[in-house]
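Enquirer: Below, the features straight out of TrEMBL:
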type	residues	note
DOMAIN	51-216	domain 'NWD2 C-terminal beta-propeller'
REPEAT	7-48	repeat 'WD'
REPEAT	50-91	repeat 'WD'
REPEAT	135-176	repeat 'WD'
REPEAT	178-215	repeat 'WD'
REPEAT	225-266	repeat 'WD'
REPEAT	267-308	repeat 'WD'
Amino acid sequence: QIHFEILRGHRDAVSSCHFCFEDTKVLSCSYDRTMKLWDVEKGVPLQVFEEKHTAPISECNLAPDDRRVVTSSYDNTVKAWDMETGKMLWTVEHEGIVTSCNISCDGRYVVSGSDKGNSICVFDAVSATVVSRIQGHHKSTITRCCFHPDNQRVTSVSYDKTIKLWDMTTRSTSITINEGHSNAISDCCFTSDGHYLCTASWDRSLKIWDIKTGEFPCQEPISLSQGHEGSVSSCLFSQDASLVVSGGYDKTIALWDTEAGSKKLTLKGHWGWVTDVAISRNKKWILSASKDSTLRLWNIEKMDHIPSVTESRKLRGSNITQCEECEKSFLCPQRSDSEMRPRCVFCRL
């Protein structure tokens, strides 16, 4: 019921994937030490970036204007590339393997996470000059790091089950969450306005944190569970934050309705772990990367007409209520005490 296309060309696990150039292209990188730019319509590689990394590429990340891309690798380096010419622009050496990299939304900075000293490093995206290096930022390997849309904070997650927000201005950790998940945290992402942070974990759940309100430390996150039968590897918000897409080691992709706080759809087809996911700006396509060496493009444009999605929506509709305070609609959990007013999942009132 969901049409999909398989992109074949990598020779090993695909570790990272993104839509780019207004959803007409796809960027991927792999343990085969290459990065590829694909044509979405034709399903073929247009450009191959290779012969520079000497070990698996752990992640690739694009600048907002799609003109530059950075890659992190187990060869202890982060490299920057010119998307038009395919030429490598610079290399930053690390003391340990680099597990993650990200470019700030203004394109000025790059952040990377290294297993040596469980550190994060922030450096200039043009000159590659190191701005900050924070040793011992986590107690175990950093799995993912990314910039907040305000370009002033860096979020990182780790095997140590903690979430940290580090402030570029004060050069200090502004927020630490120690008890958000019961197992390693594998991924994190922000909504485009920076209001919410989503984290994915090996405890088989995702959590959405409201980091904008001053009461953030006291609030419980919105929990998205019962979507994967194994560890959750990756997560991403849609541009309008109405959807979250997640990938798992159970070889599936899950689509979540953030307003209702429930799963809409499960996509199955990969025969290896799903390592990364992406969603197009128009919400018509889901992109998934897998340990099976392939990427898949899933057309979800008509998913709301699928019987299982329709039935699920009807079931949720009977339990939808509206908060009197924030006026947002949310899924009301069934309670034995009918007189007990349900707590809004957004404002917690």
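Any Cβ shown, glycine's included, is placed from N, Cα and C.
TrEMBL annotations: computationally assigned, not manually curated.
Are these features on the surface or tucked inside, and what touches them?
Expert: Mean pLDDT, taken over the domain 'NWD2 C-terminal beta-propeller' (51-216), works out to 95 on the 0 to 100 scale.
Sequence-distant neighbours of the repeat 'WD' (7-48) (same chain, 6+ residues past either end, Cβ-Cβ under 8 Å): 54-62, 66, 69, 71, 73, 81, 83, 86, 272-273, 275-282, 284-285, 287-297.
Same-chain residues lying 6+ beyond the ends of the repeat 'WD' (50-91) with a Cβ under 8 Å from its Cβ atoms: 12-13, 15-16, 18, 20-21, 27-35, 37, 97-103, 105-107, 110, 112-114, 125, 128, 144.
Here the repeat 'WD' (178-215) has long-range neighbours at 140, 143-144, 146, 148-150, 155-163, 165, 221-225, 227-237, 239-241, 244, 246, 248, 256, 258, 346, meaning same-chain residues at least 6 beyond its ends whose C-beta is under 8 angstroms from one of its own.
Note: the repeat 'WD' (267-308) comprises 5 helix, 20 strand, 17 coil (DSSP; helix = H, G, I, strand = E, B).
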Enquirer: Near the repeat 'WD' (135-176), which same-chain residues lie under 8 Å Cβ to Cβ, leaving out any that are not at least 6 residues past its ends?
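Expert: The answer is 59, 99-106, 108-109, 111-115, 117-120, 122, 182-190, 192-194, 197, 199, 201, 209, 211, 216-217.
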Enquirer: Could you tell me how many residues in the repeat 'WD' (7-48) are helical, how many are strand and how many are coil under DSSP?
Expert: 0 helix, 25 strand, 17 coil
Enquirer: For the repeat 'WD' (135-176), how many residues does DSSP put in helix, in strand and in coil?
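Expert: The breakdown for the repeat 'WD' (135-176) reads 0 helix, 22 strand, 20 coil.
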